[in-house]
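Just below is one structure, and these are the notes that go with it.
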Amino acid sequence: MFSSLYPLARASLFKMDAEDAHHLTLRMLGAAGRTGLARALSSRVPDAPRTVMGLTFRNPVGLAAGLDKDGAAIDGFAALGFGFIEVGTVTPRAQPGNPRPRMFRLPEAGAIINRMGFNNSGVDQFVKNVQAARYRGVLGLNIGKNADTPIERAADDYLYCLERVYPFASYVTINISSPNTKNLRQLQGAGELDALLAALKNKQQRLADLHGKLVPLALKIAPDLDDEQVKDIAATLLRHNIEGVIATNTTLSRDAVKGLPHADEAGGLSGRPVFDASNAVIRKLHAELGDAVPIIGVGGIFSGDDARAKLAAGASLVQLYTGFIYRGPALVAECVKAIARGQTR
């Protein structure tokens with residue numbers, strides 16, 4: 001039902017400031033999840049289970065991190081048919097993020113530019129929100145570092161967040177690829193990444209012993225990587241037995257949107273313009289990783305065919321963000337059905 005209403009809702013939402021519309025949508029979905037209204041409005045999405053990272057996903061189409069940074073609307077999003085949900089990015093302490101305005105639509109390109117800067121209520125409130133949710137499907141919890149934490153101490157923030165979210169996560173995503181936290185992408189460098197993943201794997205094993213379960217780790221990377229960087233990252237993932245990789249985050253490139261309103265705004269560009277770059281990284285990763293480390297593909301999915309293209313490039317699962325904002329819940333079912341059709345041919 002909500003899928004059929006979304007085009008009307010979008011017309012009103014797109015007249016608003018992009019971030020105000022985002023917050024209004026989150027409040028509505030959060031309220032719907034708490035009251036049970038979400039179930040009445042739920043989208044009919046067929047089950048298409050698959051097992052990845054040792055987890056069974058209801059279907060291969062998930063919600064990407066960033067839409068629900070505080071995990072405040074998990075039940076509302078769950079009713080829309082996603083096969084898994086990822087929330088965050090969360091940091092140890094609450095922080096406001098970058099000054100507004102910091103989110104801009106580029107409808108001519110099917111794109112969004114954001115420079116949010118990991119605005120969130122902190123990991124303690126995040127955990128409370130996650131615990132309050134009734135959703136029992138696969139839930140990814142995405143962690144990052146505070147803006148005022150020196151990059152040399154970044155591991156401290158990731159380790160702290162990992163310990164706090166571990167008992168409540170199906171998997172944990174290590175976000176080192178946002179362009180909106182100063183120097184964060186330095187952690188994708190070979191030496192920095194090796195040290196960070198070594199520390200996180202050590203912590204993961206100790207937490208697994210403590211809680212009696214191994215929660216997989218996934219690394220989220222940028223599309224703005226050359227071939228050698230992708231190879232180095234793949235080798236580091238294999239060396240540390242990281243369970244998954246998410247490709248990709250937003251891009252700093254503006255080649256596809258030159259001349260459009262807001263194109264020169266600072267921040268990460270998402271949506272259709274990142275589709276090809278994301279797929280290229282997925283193909284390169286898959287060539288290096290094979291089936292040893294599953295890939296979650298995200299970036300520019302606006303149709304079922306787009307989702308299938310991500311899988312054809314080497315992804316095992318996909319996530320939606322900007323396409324979901326433009327297309328609404330109907331995109332979830334379209335992607336699930338298109339992937340299922342491709343598997344039966």
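Keep in mind that glycine also has a Cβ here, set from the backbone N, Cα and C atoms.
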**Message:** Need one residue: from N129, N142, the one Swiss-Prot lists with A65, G66, L67, D68, K69, T89, N175, K220, T248, G271, G300, Y321, T322 for FMN.
**Reply:** N142
**Message:** Quick check: in three-state DSSP terms, what is N249 (substrate binding site)?
**Reply:** coil
**Of G117, G271 (the binding-site residues), the residue whose Cβ has the fewest other Cβ atoms within 10 Å** = G117
**Three-class DSSP secondary structure - L67 (FMN binding site)** = coil
**Asked** Considering all pairs of residues in A65, G66, L67, D68, K69, T89, N142, N175, K220, T248, G271, G300, Y321, T322, annotated in the record as contacting FMN, what is the maximal C-alpha distance expressed in whole angstrom?
**Response** 20
